[in-house]
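Visitor: Just dropping this structure here.
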Amino acid sequence: MGPLHGALLPPISVTVSLLILLLCAPGGRCGVVHTEKSMTAVLGTDVTMPCYYQAEAGEKVAQVVWLKKGANGQNMEIALLNTEYGANIFGAYEGRIKEKAPLDPADGGIVLRNAVQPDEGTYLCRVNTFPAGNFDAELELKVLVPPLPTLGPGPPLTEGEGKSLAASCTAEGNPAPTLTWETDVEGTNTTQKYEHPRSSSVTSEFYVVPTRRMNGKPLTCVVSHPGFQQEKRITHVLQVRYLAEVSVQGHEDGWFVGKEGATLQCQAGGNPAPKYEWSRLNGSLPAEVRMEGNTLQFLRALGAEDAGEYACRASNGIGTKSSTAIVSIAEHQATKIDLVSVSLGSVGILTAVLLVVLVITLLLVNRHHKRQTKQLSEKIEELSTLSREASRRRLNSTTASTDTRLQLEEAMHLRSGMHCDSLRDPSISSMMGEEADRRSYSTLTTLKETETQTELLSTVPDEEVKEDGEEPEQVEQSLEKEPNPTEPDGMVGVANQPFIKQGMAHFYQENGTLRAKPSANGIYINGRGHLV
């Protein structure tokens, strides 16, 4: 220990010192020193280095000594904290170290102010106790040096050149910083790292192939470092020199004699901004014109002599480009067509045409429906007339057929009765009997069919039998017409169904049987009592 120890501590005999050292021998009880193994401090900030002793029962902390290990292995005292005499700071640390908890024997921590790079190293906290002796603990301190990044633009960028340096970003710190780029511009970058005794520097360069679209685009260098609470950014705006194509505008709407305020404009973008010159190829510029920037303005009304081919030349140090325009001046102002009015008029005309077409269509459809209705009525009337005529014909045919059949049956019956006695031959009698049975069966069949047809057609009104205004004599005359002899009896009855009802006036029904009404002309068939 240094000379200061003798001044601060009372004289201690060699016997007492040996006794203190033996107390921590195997089997003895010793305390524990608590501290951090490693700590970091940002350059220029304060850092607290803890050292706390957990004493056992009967132990007493006399003082705490802070030492820094040197490169040659020697320890250098920087602070001594005594429970009775206070703190002493040594050498270059004087004024930069203070006690963390003054007059607290158990807490031997110190605060190092305004940390600098030479403060990096290994520190030793030694606790002197009685009667246990000394206890040591080491602490590694690292000082972070945040970088101060810088960004430098490359040489001027010109459109059409090859790969060119756009910007370079450099940052130096401890430990080495990390550099990245943020941009919408397409390009490549290279990074180089350089080591220094107490720091490291990093340089990153960004390369592009210049185009006019890059002009004005941001290019940002992003620096990351443990000493930063957040990333740092440095932005550079790219400047690309170029000259765009030239065009003359302003005469497209048509110039005419007497037009006021006529102007021509020369459009040509570029970086730097180009300068403009005006001329007329077929002569000098007209009088009373003013050139202001990229505009050629006529200060008077136009005349026919102002026509010609005008030329504009733009230059900005990168190059020179020009363009021409032929200006024609009409004698009179061209009639302008109001597109809005034309559109509205067209819409109105189209609407009117559509309405007319709609009305005509409705009229034609209505007329067509009326014609169809009329034709349908005529058809119905025609069919009704034909139906009445067919009904009369069927009625006449049925009446005549019925009368003829009755007369034939009556005659056959009379002949059968008159010659019954003369026919003695059994075979002839048998044939006559069978013939009579067949006739009886035919008559009954005809009556049954007549009854069925009468029931089905009972709903037919009597008015259908004859036309309006037809006299009974006409009906009787039609009934006297002879039927078609080639038409079978059964078919006659079927064909004249609508007029059976009139003929059935001579019959009546009894227990499901059709019986003829008694009359003077009635005859009996086959002797069975059926009156026809």
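Here the Cβ of each residue, glycine as well, is placed from N, Cα and C on the backbone.
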Visitor: Going by Swiss-Prot alone, which of Asn189, Asn396 is annotated as N-linked glycosylation site?
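Guide: The residue tagged N-linked glycosylation site by Swiss-Prot is Asn189.
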Visitor: Which residue in the list Cys30, Cys51 does Swiss-Prot annotate as forming a disulfide bond with Cys125?
Guide: Cys51
Visitor: For Cys266, what is the disulfide-bonded cysteine listed in Swiss-Prot, choosing from Cys221, Cys312?
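Guide: That record, Swiss-Prot, gives the partner as Cys312.
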Visitor: Could you tell me which of Cys30, Cys169 is bonded to Cys221 by a disulfide, according to Swiss-Prot?
Guide: Cys169
Visitor: May I ask which residues of the same chain, at least 6 positions away in sequence, place their Cβ under 8 angstroms from the Cβ of Cys125 (disulfide bond)?
Guide: Val33, Thr35, Met49, Cys51, Val64, Val65, Trp66, Gly108, Asp136, Ala137, Glu138, Leu139
Visitor: Could you tell me the mean pLDDT the prediction assigns to the domain 'Ig-like V-type' (31-142)?
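Guide: Average per-residue pLDDT within the domain 'Ig-like V-type' (31-142): 89.
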Visitor: For Cys312 (disulfide bond), write down the residues of its own chain that are at least 6 apart in sequence and whose Cβ falls under 8 Å from its Cβ; none is a fine answer.
Guide: Val246, Val248, Leu264, Cys266, Ala268, Tyr276, Glu277, Trp278, Asn294, Leu296, Ser322, Ser323, Thr324, Ala325
Visitor: Any idea what the Cα distance is from Asn189 (N-linked glycosylation site) over to Asn282 (N-linked glycosylation site), rounded to a whole Å?
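Guide: Computed Cα spacing between Asn189 (N-linked glycosylation site) and Asn282 (N-linked glycosylation site) is 54 Å.
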Visitor: Between Asn282 (N-linked glycosylation site) and Cys221 (disulfide bond), how far is it from one CA atom to the other, in Å?
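Guide: Here the two Cα atoms lie 56 Å apart.
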